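For 15-35, the entry in TrEMBL reads transmembrane segment. Marked as region 'Disordered' by TrEMBL: 72-141. The compositional bias 'Basic and acidic residues' annotation in TrEMBL covers 72-82, 91-100, 124-133. Annotation comment: TrEMBL describes 104-116 as compositional bias 'Polar residues'. As annotated by TrEMBL, domain 'C2' applies to 152-273, 286-419.
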Amino acid sequence: IECTKYSRKQYEIPTVVGIFSAFGLVFSVSLFAWICCQRKSSKSNKTPPYKFVHVLKGVDIYPENLNSKKKFGADDKSEAKNKSVMPKNSLHLDLEKRDLNGNFPKTTPKIQSSPDPENLSPKHFGERKKDSVSPDSLKSITSLSSEDKQDKLGTLFFSLEYNFEKKAFVVNIKEARGLPAMDEQSMTSDPYIKMTILPEKKHKVKTRVLRKTLDPAFDETFTFYGIPYSQIQDLTLHFVILSFDRFSRDDVIGEVLIPLAGIELSEGRLLMDREIIKRNVRKSSGRGELLISLCYQSTTNTLTVVVLKARHLPKSDVSGLSDPYVKVNLYHAKKRISKKKTHVKKCTPNAVFNELFVFDIPCEGLDDISIEFLVLDSDRGSRNEVIGRLTLGSLAEGTGGEHWKEICEYPRRQIAKWHMLCDG
């Protein structure tokens, strides 16, 4: 009898422990689910902050105007009244005056016209406007024929100022008008602007992208500290107007080049506008040459590629020499299956690489194989620019097809050739 009682107690204890464990597990899961629901509901009730901040890499600049509510040629008196009434935490109310692209509504004709001298505030008397667009010139622009409009790339409006107290050079990119449509389907563009101070290229900035507009109003201020006023005359501003493309390389609309020699900034802010011109037309005559060595190993079914040299590479911009490097892409049936790249060579039009890459070929023979060489200019502050392009394969024309044919006819032999680069 005592043995049976002891065996019953021995079985009852694990059963009780299991029941309490099950209740504890159910309670823990329900408590965790309740906490998650409370957190989710509290997050949904919070209002998102409306604040625009420039995101720039490796550049010592400080954007001053975060609300971007001042438009070129707008009235400063109405702006001062709004500032006095508006509380500090009402930044989102100003942003609601714009559309989703950050543009002001086009129903206010005063914004598009030049400021009236009779209604100017005292602040405007300290500013000088250079090359302003008069109403007569605007009428003449609207009356252009369709052929003339195709040649026009638009107009860029900006202002320059030097702050003697902070020893800072201030550039305000206001707006662009009459940009061409880079997207053929929607007949619009997604413009943004890159700006570089030449010749040293130390200061590089860019604006935000404004979606689906041909008259973007950026109104972004960039302040460059540490530039003495005595050096302003030796600098050149280089604006590049681009259209953002999510699925491929961004389209270059044009450029504006402003030498600061002869421009006096001691009397106050200077308002300027310039016609946008095609970019680097002078570089289209030659993109340079690339020396490539190829060897096809039929036994191991591998392709050895040696990037030897590049010569006569064009300048990336008016500042001077480029910093070239080479990307090598291997394609099988028009699908990229491998990629390599060389090291960057600083400030030279005649780079020596001497770098070897070995690619495994997934099929027998080289009929469906092609290699693409992209020579790029390394740019730490923005997207690297393509200097030139070269394709080698059975369907390639010129020296590219001849070189490919030779390595197929003479396997296990290293064959080197110079190739002319084409536009990227």
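Our numbering is plain: 1 for the first residue shown, then up by one each step along the chain.
Yeah, the Cβs are placed from backbone N, Cα and C, and that goes for glycine too.
Helix first, then strand, then coil: DSSP counts for the domain 'C2' (286-419) stand at 11 helix, 69 strand, 54 coil. Over the domain 'C2' (286-419) the predicted model carries a mean pLDDT of 89. Across the domain 'C2' (152-273), DSSP classifies residues as 6 helix, 62 strand, 54 coil.
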